[in-house]
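Now, the feature entries from Swiss-Prot:
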- 28-99: domain 'KRAB' (DOMAIN)
- S117: phosphoserine (MOD_RES)
- S122: phosphoserine (MOD_RES)
- S200: phosphoserine (MOD_RES)
- K207: SUMO2 cross-link (CROSSLNK)
- 223-245: zinc finger (ZN_FING)
- 251-273: zinc finger (ZN_FING)
- 279-301: zinc finger (ZN_FING)
- 307-329: zinc finger (ZN_FING)
- 447-469: zinc finger (ZN_FING)
- 475-497: zinc finger (ZN_FING)
- 503-525: zinc finger (ZN_FING)
- 531-553: zinc finger (ZN_FING)
- 559-581: zinc finger (ZN_FING)
- 587-609: zinc finger (ZN_FING)
- 615-637: zinc finger (ZN_FING)
- 699-721: zinc finger (ZN_FING)
Amino acid sequence: MEDLSAPESALFQGGHTLLPSASFQESVTFKDVIVDFTQEEWKQLDPVQRGLFRDVTLENYTHLVSIGLQVSKPDVISQLEQGTEPWIVEPSIPVGTPGDWVTRPENSITASELDISGEEPSPGAVAEKHKRDDPWSTNFLETCESKGSPERQQANKQTLPREIKITEKTIPTLEQAHVNNDFEKSISVSLDLLTHKQISPKQTSTKTNVKQNLNPVKKEKSCKCNECGKAFTYCSALIRHQRTHTGEKPYKCNECEKAFSRSENLINHQRIHTGDKPYKCDQCGKGFIEGPSLTQHQRIHTGEKPYKCDECGKAFSQRTHLVQHQRIHTGEKPYTCNECGKAFSQRGHFMEHQKIHTGEKPFKCDECDKTFTRSTHLTQHQKIHTGEKTYKCNECGKAFNGPSTFIRHHMIHTGEKPYECNECGKAFSQHSNLTQHQKTHTGEKPYDCAECGKSFSYWSSLAQHLKIHTGEKPYKCNECGKAFSYCSSLTQHRRIHTREKPFECSECGKAFSYLSNLNQHQKTHTQEKAYECKECGKAFIRSSSLAKHERIHTGEKPYQCHECGKTFSYGSSLIQHRKIHTGERPYKCNECGRAFNQNIHLTQHKRIHTGAKPYECAECGKAFRHCSSLAQHQKTHTEEKPYHCNKCEKAFSQSSHLAQHQRIHTGEKPYKCNECDKTFSRSTHLTEHQNTHTGEKPYNCNECRKTFSQSTYLIQHQRIHSAEKPFGCNDCGKAFRYRSALNKHQRLHPGI
């Protein structure tokens, strides 16, 4: 195969050898291969023809630069690269005499030659000029049409000069172009863009306008790739194509040394360094480096989605998105990792995956020095620092800092779940969730922790787990300074300060801070309890709730406190317990300033100020502030006391009451005051005791504004205002405000 990368190869196409003539001896310049238009001529071209002119002109210039025949960049190239239209003033050089052809620019084609004016030159002058100027005359064609052996072609190559001169006279007519359709367009004016007016000795007049001359000519694809068999009309296109096989990238960026196989890709890349974005959107003013990027962006405003999937009818604004989408139906995964063999349907996902093996994170945040594998991830991360949320939901007005987050949120309103599991039929709104779910069927856990050997189904789970070993907490709350290991934890924590509850139940309107809480709540409407305990038959909505419940029967307490060694059945109980040692109370009451270590305790405490008692007994109508208090009260109607003490056989309605009672027998007092070392059997007793040291009286009477250090004192005091006497004597019916008063009274009756 001949060397198509050599500059001289452009002169040996399809077996035709282009021999130099006397007029070829000067060096080629860009003026020799550019077609000039007047303003009037340019206006007559439609957008397709102008685009064709732009593409061919830039390609011709690129090839001149690649073989070292052009140094300075002409203004017209700069204009075309910037997307502006070149308005070339019509030359004022007279046309008509042979001497005029010497002084007139050789590449300029005027209105008279293109018949734009509608005037016809004399037939004799046309025939004579055609014969004199035609480079494809009989003698010349005889030379070019000699097929020639490889030895003959090699001899011709050796005799060819390095620099050649191509003038307007070397441009073939359309008729001749069909005969010699392999003449290299990379060093001549494109045969498809603009050709000489076709005039033969038999033809006396021809009226051809610019638009007709610029119509693309369907030509034979005679340049064929030996590697894959793909054919091209021009061998310059074949040369570019062959670089995909050879990996050749001759165009190198001086700034970052990145190389490209095509010059236009280098030009577009250099705009990253210069910041040049010549393509502006008329709607929003956003700038783009490339014209196609602008076209794709404008579809956001127009809503145009011209690419439609034949399988499901889904439409896309970009063809690449359609191609990627179709792989969902075909299951095609053409990108395979050489390290672990994992396959991907999208090249971007494949490139991201490879960075897991290399550890490469080239994109760094200037604010916090955090690094990322993708520039888009860095851009989204930076919005955490700026607070920018550019994507707004039209349904609820909520704003998001990333498009993917916005799209996921929008599916909450539409209920769309396009990704379905083939195993169990469960549907998901995100493809990543489907991928994660499928691992529950396969049991696959490909991500191993190097520290402890624990395996995970997801890379994100491994990344979160690693923070346990490193203790890293990069996400900090601006309000209270608390730090978190995960961004999601910080987002959830912020809702404590903002009181935001974005997740609302469509059935009853109740709102929740977390989506998981909403999902749990919604099951109360459906009453779906699919998980049943084999020991006692109790059913639960979630499998995790069943697992926790089963610990009652097994006595398992897998969560241990490192400070005091106490064990717990639930992780949440351990977290709450640890706050006793740390003294942490992040939940503060705005009314009285009292702080709590749990949010639920703050919620319950606020009812003291508001007087709210949302839990009402269906039997007697009595209302309570806490759900647990209602549950305790209801057992007075049923007399149910399932928890028995092994020491004294006393029965209790709650297991917590039994645990507290058993401390009487054991003498255990696990709650110690840091001020005076006094110990208590209950944490509530310790809390109330600590108020004696601080002088704090957080419980206020709404009637007289009197304050108390303990809630029980406030409850007893409020009976003065309400005249409530809940403790009645069974013998005489007399009622008392306090239990102690009832006990004293009962001693007056005989037999007590």
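Each Cβ is built from the backbone N, Cα and C atoms, and glycine gets one as well.
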Annotated stretches the zinc finger (587-609) and the zinc finger (531-553) touching (3 or more Cβ pairs under 8 Å): no
For the zinc finger (251-273), the mean pLDDT of the predicted model: 85
Considering the zinc finger (503-525), which listed stretch of 251-273, 307-329, 475-497, 615-637, 699-721 counts the most C-beta pairs under 8 Å: 475-497
Three-state composition of the zinc finger (587-609), taking helix and strand from DSSP: 11 helix, 4 strand, 8 coil
